[in-house]
């Protein structure tokens, strides 16, 4: 005999349909849209920072007054 396993869902439970009003529903959807856009923009900023940091350091270093060699710009010392 195989025992049935049940999955318990963690997180906030959805409110019942009778207790929600249209104003709270619209506020909830506005919050969700704001949250989605915030997460999307932060992910894009993270990727841009990840791939743009080293080229930025190289550009700033090459525009400095005593022009260093590329090796000096890339070395951590």
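Glycine is treated like the rest: Cβ placed from N, Cα and C.
Per Swiss-Prot, the feature compositional bias 'Low complexity' maps to 16-30.
Taken from Swiss-Prot, the feature N-acetylmethionine covers 1.
Marked as region 'Disordered' by Swiss-Prot: 1-30.
What Swiss-Prot lists as topological domain 'Cytoplasmic' is 1-46, and the listing cites similarity to another entry. If you average pLDDT over the topological domain 'Cytoplasmic' (1-46) in this model, you get 75.
Among the features that Swiss-Prot reports, topological domain 'Mitochondrial intermembrane' is placed at 65-77.
Annotation comment: Swiss-Prot describes 47-64 as transmembrane segment, evidence class sequence analysis. Long-range contacts of the transmembrane segment (47-64) within the same chain, counting only residues at least 6 positions beyond its ends with a Cβ under 8 Å from a Cβ of the stretch, are 70, 72-74.
Sequence-distant contacts of the topological domain 'Mitochondrial intermembrane' (65-77) (same chain, six or more residues past either end, CB-CB distance under 8 Å): 54, 57-58.
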